[in-house]
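Asker: Sending over a structure as structure tokens; questions will come in a sec.
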């Protein structure tokens with residue numbers, strides 16, 4: 001077999017009609033850049049960002065797309081023939097981008113719509129970069145050979161991403177620390193940081209594998225990509241991504257129905273192959289099902305799929321509440337919507353306890369692509385988006401007989417994505433690969449037009465000096481864009497990471513130093529920085545062993561509060577109620593040493609109530625303020641008002657108890673807090689509540705009551721046959737030792753040993769410590 005050098009292989013990627021060396025160099029650079037772009041699923045960095053699987057690939061894509069766009073524009077200056085052909089897909093795609101841009105400009109916060117948030121990094125910047133990528137793909141990728149090479153590369157990268165996911169579940173991956181790997185839920189996320197994002201990614205690469213199975217001429221390659229497609233289906237199952245599975249099922253059923261029942265160009269032999277594939281798939285599914293029932297494989301994915309039907313038929317999932325909120329908001333601005341990245345504002349300001357959605361559910365999207373589009377860009381945006389799919393289906397249908405299977409698989413990919421979008425939002429990779437699929441559908445139309453460009457004579461060659469001028473101008477503009485959209489956001493991500501990690505390590509002073517450094521820049525993430533800073537400061541104020549000098553901490557906390565307050569008064573922005581409530585709590589805690597801050601706390605929370613009077617948390621905080629003012633009756637009435645809104649008795653008892661504890665009434669506080677834990681069954685899910693009540697008993701030195709409380713919690717665990725926290729036995733042991741009841745302490749250690757055989761050595765250490773007459777303080781959870 002003749003060996004082909006890498007240089008000769010790259011030359012094969014160039015069109016034979018290209019005679020200019022400069023043109024060939026530009027084409028080679030563009031195609032190399034395109035191939036590098038598709039490495040983005042493997043681009044992660046815990047050094048650069050606190051969100052290692054989101055910000056680094058976004059910045060990587062921005063940088064490469066801007067470089068590739070520069071090279072493409074230089075190519076157009078050299079030869080305008082490389083501009084993309086006109087097609088309904090191109091027209092509808094750029095109309096959609098235009099509509100989204102107009103919606104963002106006239107939305108509730110254009111700056112937020114442009115820059116997005118620190119943990120998403122999407123917004124119009126992502127839309128514009130995807131549009132640039134689409135433009136380049138439509139202009140450069142003109143032959144089936146081009147697409148086959150590109151799809152081979154994408155699928156090859158997806159195999160590596162899948163291996164990373166498997167290694168991650170085996171505990172062999174070094175991409176994330178143990179706290180970031182979701183092994184406890186047994187859902188594969190690989191290097192994409194979220195099982196949902198990985199599931200969306202797998203949907204597209206599954207269809208790209210089918211594309212290759214249709215394009216390849218060698219039977220061995222067809223078989224290889226067929227097996228890779230099955231491998232991706234297995235990985236998709238273990239992501240536990242229900243929306244992706246529903247979409248995949250719809251797409252596969254559509255394709256099989258057309259192949260077996262439609263008028264396609266397939267013979268009986270091919271139909272037998274398809275039926276064999278169905279049997280293999282059913283056997284695979286049966287294997288997974290048996291693995292589930294015998295508990296030899298991962299349980300979480302199957303449980304999620306079974307639970308999804310209950311959520312779907314009874315509409316118990318919180319996302320149904322988010323859909324209701326989104327649709328009600330859209331009715332108020334139906335034409336152009338609110339702009340991108342506006343849903344968190346809408347969710348918080350229009351939430352009501354009658355909705356299914358939780359009070360502070362982490363919804364910055366509606367988890368429904370259609371509703372997201374209605375909210376962000378109105379009916380005009382939704383219709384222009386649907387037009388892209390409609391034109392794509394039209395082109396595929398019109399050119400279906402040129403390559404029947406390719407057209408069918410592309411249509412199946414669009415259908416799969418659309419069905420999935422009814423239950424989920426788009427991640428970075430989903431948006432990215434959807435753009436690639438649109439460009440691929442465009443190539444069906446462009447292929448009919450002989451390279452899809454107008455003759456050279458309609459585009460007279462530019463004067464050399466003019467071409468040099470525009471070349472320099474484009475280079476300078478690209479450098480400027482890279483600085484603004486890549487280098488500066490990377491710096492900001494790094495600062496935010498340092499700030500959060502310092503706080504996590506208990507270094508409050510260092511964390512606030514990084515906050516002050518970040519505040520010097522006019523960054524797109526100023527609101528998130530101040531929100532995080534207020535959380536850090538408030539936690540430090542309530543921390544008994546805080547290392548930062550108290551006077552300095554109080555001064556810095558007050559400075560952060562007022563800086564955040566000025567930012568709160570700005571245009572409608574990200575998560576306003578959550579930010580306002582955090583600011584209220586910080587001012588409230590500052591009032592313990594500066595009574596004047598109590599009025600500031602009340603002022604802030606009243607501002608929150610004007611945004612949404614139905615938020616119970618604002619009334620709980622107002623009630624706490626009234627108690628601190630020495631007005632317990634008014635405080636009780638506000639707590640009752642909050643209870644009247646959400647009907648949460650456990651929350652009412654617990655919050656009332658916390659307020660009493662803050663005002664020194666520990667005995668009453670203990671009674672109410674325990675009532676809250678038992679009423680809400682918080683002993684099963686919230687050891688923080690158990691810890692809080694244990695601290696109150698410790699302050700009262702009522703260790704008998706503390707031991708009785710621990711015993712009751714363990715009894716409730718055993719009664720419901722749930723797995724308890726083994727630390728509870730250790731805390732109960734320490735409590736009995738503090739009381740001096742050695743017999744019960746020994747019995748508690750023996751219970752720990754029987755319940756958790758793996759902790760036998762730890763239990764024996766506890767028993768052996770009974771011989772030591774030490775008077776250690778009681779440990780709390």
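Any Cβ shown, glycine's included, is placed from N, Cα and C.
TrEMBL entries are annotated by machine, without manual review.
The transmembrane segment annotation in TrEMBL covers 25-47, 59-77, 89-108, 123-141, 153-176, 196-214, 221-238, 244-261, 273-292, 404-423, 429-446, 466-487 (among others). TrEMBL lists 228-386 with the feature domain 'O-antigen ligase-related'.
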Asker: Below 8 angstroms Cβ to Cβ, which residues of this chain, lying six or more residues outside the transmembrane segment (89-108), approach it?
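Answerer: Residues 114, 123-124, 127-128, 131, 134, 138, 336-340, 342, 345, 376-378, 380-381, 384-385, 387-388, 390-392, 395, 438, 441-442, 445, 571-572 contact the transmembrane segment (89-108) from elsewhere in the chain.
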Asker: When each of 25-47, 221-238, 244-261, 429-446, 466-487 is checked against the transmembrane segment (123-141) for Cβ pairs under 8 Å, which one has the most?
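Answerer: Going through each listed stretch, the top one turns out to be 429-446.
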Asker: Given the cut-off of 8 Å on Cβ pairs that are 6 or more apart in sequence, determine whether the transmembrane segment (196-214) and the transmembrane segment (59-77) share at least 3 such pairs.
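Answerer: Result for the transmembrane segment (196-214) with the transmembrane segment (59-77) is no.
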Asker: Would you kindly check 59-77, 244-261, 429-446 and say which stretch has the most C-beta pairs under 8 angstroms to the transmembrane segment (466-487)?
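Answerer: Stretch with the highest Cβ contact count: 59-77.
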Asker: Cβ under 8 Å to the transmembrane segment (244-261), counting only same-chain residues 6 or more beyond its ends: which ones?
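Answerer: Non-local partners: 196, 199-200, 202-203, 206-207, 233, 236-237, 271, 274, 278, 305, 408-409, 411-413, 415-421, 423-424.
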Asker: Please work out the mean pLDDT for the residues of the domain 'O-antigen ligase-related' (228-386).
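Answerer: A mean pLDDT of 75 is what the predicted model shows over the domain 'O-antigen ligase-related' (228-386).
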